[in-house]
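S.K.: Okay, handing you the structure first.
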Amino acid sequence: MDERLVSSEADSHESIIEQSLRPQNLAQYIGQKKVKENLRVFIDAAKMRQETLDHVLLYGPPGLGKTTLASIVANEMGVEMRTTSGPAIERPGDLAAILTALEPGDVLFIDEIHRLNRSIEEVLYPAMEDFCLDIVIGKGPSARSVRLDLPPFTLVGATTRVGLLTAPLRDRFGVLSRLEYYTQEELTDIVSRTADVFEVDIEKAPALEIARRSRGTPRVANRLLRRVRDFAQVLGDSRITEEIAHDALERLQVDALGLDHIDHKLLMGMIEKFSGGPVGLDTISATIGEEPHTIEDVYEPYLLQIGFLQRTPRGRVVTPAVYEHFRLEAPARD
C-alpha cells in the first residue's frame, strides 16, 4: 500500500511529533464538544468524591484524538498515565506485570483494546471490577489460585472497531464516548494552533484551505500543514499564504475534498471500466492492485462518509456526486 498524506494512521515518527502538539487539558482541546463536556463533569465529580474516575472507552475513526484525550484525563486527575496496546499484551503475565506496577489512581491506557485476546480479557475483568488480580500458582492438581489486591486505577481503552469488543469487556466501562469527525472550523483552529507551536506564520485563508482537505481528521490536518510549511520555506519567505498553500496541496495531489491519487484511481477505475458499478470488492481489488481488506478498511470509509460510494447487495456503486466532482456526465440509470 502506498504511503498516503491523507491516511488517518500515524507512523512511529509522527507519533513523536504528535506528542509535542498535544494539549494538556480539556480547555486547550479543540473539538469534540459533547465528549469534553461530559468528561469535565465525570472528572470533577470523581475529584470531589476523592475517587478514581470510572473506566473510560473512547471509540471512533483513527486520528481524532483518543490518545490525546486519555493523556488529558490523566492530567486533569493529577495522576500518571501508563500506555500500552492490545497487540503488545501477548500473555496474561504481561498484563499482570503492568497492573501490579500501577500507583493508586493511575490511568492505564490500552490502545487498540479490541485486539486483546480472550485469556487476557479474563484477567482484566476482576481488575476492572474489584481492583484485584487472580494468579494461578503451580500446575496440574497442585495448582492454586491466589488473589492479589491492586491499587484503584482508571482504565482508558481506545478502539477504532468498537463492534469487535466482547460484550463482557464493553459492559465494564462506565463511560463510553464516541469521537466524531471534526468540522472545518475546528480543523482551521487546530491548524492555526499547530502553526503557532511550529512558530510558522499562517493566514486564516490557507489554514481553512488545509482544513478543508483534511478529511475531518486533525492528524491529516497537521500532516498537511507540515508539508505545506516545507513549500513555504523553500519557495517563499516561510509565511504560509493562500497561494503557497493552494500550490503545495495541488502538488501533493490532495484535491479540494481531501481525495488523493489513490481515491481518484479507485473511483475513476469504477467509472471507466464498470460504468460506475455495481462492482464486487474482489474485482475492485484486482483492478487497482490492493487487497480487499485494505480497500474496505482504509479507502472506503471516507468515500462512504462523503457520499461518493454506496454499498449494495450487488457491489459498490459510485454516486452522482462523483461524476459532479470529476466534471463528468453521469450515465442514465435504469
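Keep in mind that glycine also has a Cβ here, set from the backbone N, Cα and C atoms.
From Swiss-Prot, here are the annotated features:
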| type | residues | note |
| --- | --- | --- |
| REGION | 1-182 | region 'Large ATPase domain (RuvB-L)' |
| BINDING | LEU21, ARG22, GLY63, LYS66, THR67, THR68, GLU129, ASP130, PHE131, ARG172, TYR182, ARG219 | ATP binding site |
| BINDING | THR67 | Mg(2+) binding site |
| REGION | 183-253 | region 'Small ATPAse domain (RuvB-S)' |
| REGION | 256-334 | region 'Head domain (RuvB-H)' |
| BINDING | ARG311, ARG316 | DNA binding site |
S.K.: Looking only at Cβ atoms, how many others are within 10 Å of the one on ARG311 (DNA binding site)?
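M.R.: Other Cβ atoms found within 10 Å: 13.
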S.K.: Where DSSP helix means H, G or I and strand means E or B, what are the helix, strand and coil counts for the region 'Small ATPAse domain (RuvB-S)' (183-253)?
M.R.: 52 helix, 2 strand, 17 coil
S.K.: Please report the distance from the Cα of ARG316 (DNA binding site) to the Cα of THR67 (ATP binding site), rounded to the nearest angstrom.
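M.R.: Cα-Cα distance, ARG316 (DNA binding site) to THR67 (ATP binding site): 33 Å.
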S.K.: Give the mean pLDDT for the region 'Head domain (RuvB-H)' (256-334) on the 0 to 100 scale.
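M.R.: Computed over the region 'Head domain (RuvB-H)' (256-334), the mean pLDDT is 86 on the 0 to 100 scale.
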S.K.: According to DSSP, how is the region 'Head domain (RuvB-H)' (256-334) divided among helix, strand and coil residues?
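M.R.: Tallied per class, the region 'Head domain (RuvB-H)' (256-334) gives 42 helix, 9 strand, 28 coil.
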S.K.: Looking only at LEU21, ARG22, GLY63, LYS66, THR67, THR68, GLU129, ASP130, PHE131, ARG172, TYR182, ARG219, which the record lists for ATP, tell me the maximum pairwise CA distance in angstrom.
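M.R.: Farthest Cα pair among residues binding ATP: 37 Å.
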S.K.: For a quick check of packing: other C-beta atoms within 10 Å of the C-beta of GLU129 (ATP binding site), how many?
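M.R.: Other Cβ atoms within 10 Å of GLU129 (ATP binding site): 10.
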S.K.: I need the nearest neighbour of ARG311 (DNA binding site) among the binding-site residues LEU21, GLY63, THR67, GLU129, PHE131, using C-alpha distances.
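M.R.: For ARG311 (DNA binding site), the closest Cα among LEU21, GLY63, THR67, GLU129, PHE131 is found at GLY63.
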S.K.: Relative to the Cβ of LEU21 (ATP binding site), which residues of the same chain, six or more apart in sequence, are found under 8 Å away?
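M.R.: Long-range Cβ contacts: THR194, VAL197, ASN222.
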